[in-house]
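Student: Following this message is one structure expressed as structure tokens.
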């Protein structure tokens, strides 16, 4: 009796390898169903075009619209606050009697709401991503409607409204990162992240000049309330479009072709992301907490987001206090650095994909290169900003635009690295990261409001120099300890792991492969046998 050769057991690291060039299947035309034949996937026929009508492109566009909604809801307060409060330095002030401390509380309330990302991140890989995104969009609607309707009655309502916006961010960020790992193969993720996260800059580009214009139009819903009604309308429109066309994964999308669905699932199969409903899968919290690349990524993200809070939330205040721009001019020039950020992250993300897929550079090297240049350039440009005043405002704008160009390089840097560390647990890592970002953002906003009491050049200079110091730290930390490689603990420990694909007897493998062949034929997946079949 012949003893079958022992089956090599895959380790957790081996199960993260890419799919083999050949797969095995049963020829249903053979008289002996136990005979296995190896077949080669015709990639040139099964891989759909990266351009529309690719559903991956449509999903990326929809997720980008979700970030547009979130960005509009987050950034509208930056300009509107100048028109809402009773400001003696200009004629555009409103009737809300909020002092500097109360304004700081309203600004920080959004980051307080985002702290629940520690909970949403833990569940983002288990809950349906489509409905988590829906909850985030719904909270944007509620927060935008509450502020103009109830802010006049009490500042508490304004704080609650901004907490809703922060909670929307806490739902959207982990959910979208989890959706990216289920919709986009590894080689496409840098470009997808750049396109999707670019929605943040598109939303800011739209709302800053629009809000500056509406501030001066007291005949349109009394000025500043129109900003929030417009934001709420956009939130409702995106929500209505997302409900029928959004999907948690390709198999649940109603418009996707079978060929594209099979292509996506075959490309991400080696990462063993698993089903959300699989309760046997354990999250390796201990290994994650001991992982130096995880902590390096969290640290780099905090240092990256810290100066961006100044650029996104306080830039209109800086231009009003130091450069003395009117609201309309303020909104326009505040949008220029955001435009630079959008163009930079979009171009650099595509360039990163080119380096890794065409030139075959190491993923970790590419991420560290982009992130190092980003952090160093961002620090230098921010440090130079306070050297200019209203008489040299053009040079200040140039430095701010340069800072955002360098900030855009963080997307193919630490942002991409975080998603690649553990695709199956990207929601958890995102939750931890933005929980830390939320705490530092709260401290940043409260500290800035305490430093900038009179809006002088000296006060703003201190704010920008602290931000420059923080921005420079990842040049050392992430370059030394960062990584973009999937970690050994990223393979799931459940029974549905890809390691179970290579198991025991020929009979079991024949049965499993025959089902795969049947589903493949139904999906229209082209296969070509490398051996001659019986006629």
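Placement of Cβ uses the backbone N, Cα and C atoms for every residue, glycine included.
Features from TrEMBL:
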type     : residues : note
TRANSMEM : 57-84    : transmembrane segment
DOMAIN   : 57-486   : domain 'Major facilitator superfamily (MFS) profile'
TRANSMEM : 131-149  : transmembrane segment
TRANSMEM : 155-180  : transmembrane segment
TRANSMEM : 192-214  : transmembrane segment
TRANSMEM : 226-245  : transmembrane segment
TRANSMEM : 294-315  : transmembrane segment
TRANSMEM : 335-357  : transmembrane segment
TRANSMEM : 369-387  : transmembrane segment
TRANSMEM : 393-409  : transmembrane segment
TRANSMEM : 421-442  : transmembrane segment
TRANSMEM : 462-481  : transmembrane segment
REGION   : 506-535  : region 'Disordered'
COMPBIAS : 517-535  : compositional bias 'Low complexity'
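Locate each feature and note its surroundings.
Tutor: Long-range Cβ contacts of the transmembrane segment (57-84) within its own chain (Cβ-Cβ under 8 Å, at least 6 residues beyond either end) map to 50-51, 90, 92-94, 96, 98, 103, 106-107, 110, 133, 136-137, 140, 143-144, 151, 162, 165, 168-169, 172, 176, 179-180, 183-184, 192, 195-204, 206-208, 211-212, 215, 223-224, 227-228, 231, 234-235, 238, 241-242, 245-247, 253, 255, 312-317, 320, 327, 330-331, 334.
Listed as Cβ neighbours of the transmembrane segment (131-149) (distance under 8 Å, sequence separation of 6 or more from its ends, same chain) are residues 63, 66, 69-70, 73, 76, 120, 124, 157-158, 160-165, 167-172, 174-176, 179, 224-225, 228-229, 231-232, 235-236, 238-239, 242-243, 246.
Same-chain neighbours of the transmembrane segment (192-214): 56, 60-61, 63-72, 74-76, 78-80, 176, 180, 183-184, 220, 223-224, 226-227, 230-231, 312, 316, 327-332, 334-335, 338-339, 341-342, 345-346, 348-350, 411-412, 415-416, 419, counting only residues six or more beyond its ends whose CB sits under 8 Å from a CB of the stretch.
Cβ atoms under 8 Å from those of the transmembrane segment (294-315) belong to residues 74-75, 77-78, 107, 204, 288, 334, 337-338, 371, 374-375, 378, 382, 400, 403-404, 407, 410, 413-415, 417-418, 421, 429, 432-434, 436-437, 440-441, 444-445, 448, 452, 463-464, 467-468, 470-471, 473-474, 477-478, 480-483, 487 of the same chain, restricted to positions at least 6 beyond its ends.
Sequence-distant contacts of the transmembrane segment (393-409) (same chain, at least 6 residues past either end, Cβ-Cβ under 8 Å): 304, 307-308, 311, 315, 322-323, 325, 333, 336-338, 340-348, 370-371, 373-378, 381-382, 384-385.
Here the transmembrane segment (421-442) has Cβ contacts under 8 Å with residues 108, 111-112, 114-115, 117-125, 166, 169-170, 173-175, 177-178, 180-181, 186, 268, 271-274, 281, 283-284, 288, 291, 293-294, 297-298, 301-302, 305-306, 309, 483-487, 489-492 of the same chain, all six or more residues outside its ends.
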Student: What else in the chain is close to the transmembrane segment (369-387), if you only count residues 6 or more beyond its ends and a Cβ gap under 8 Å?
Tutor: 300, 303-304, 307, 310, 348, 352, 396, 399-400, 402-403, 405-410, 412-414, 417, 457, 460-461, 464-465, 467-469, 471-475, 478-479, 482
Student: Per-residue pLDDT averaged over the domain 'Major facilitator superfamily (MFS) profile' (57-486) comes to what?
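Tutor: Averaged over the domain 'Major facilitator superfamily (MFS) profile' (57-486), per-residue pLDDT gives 82.
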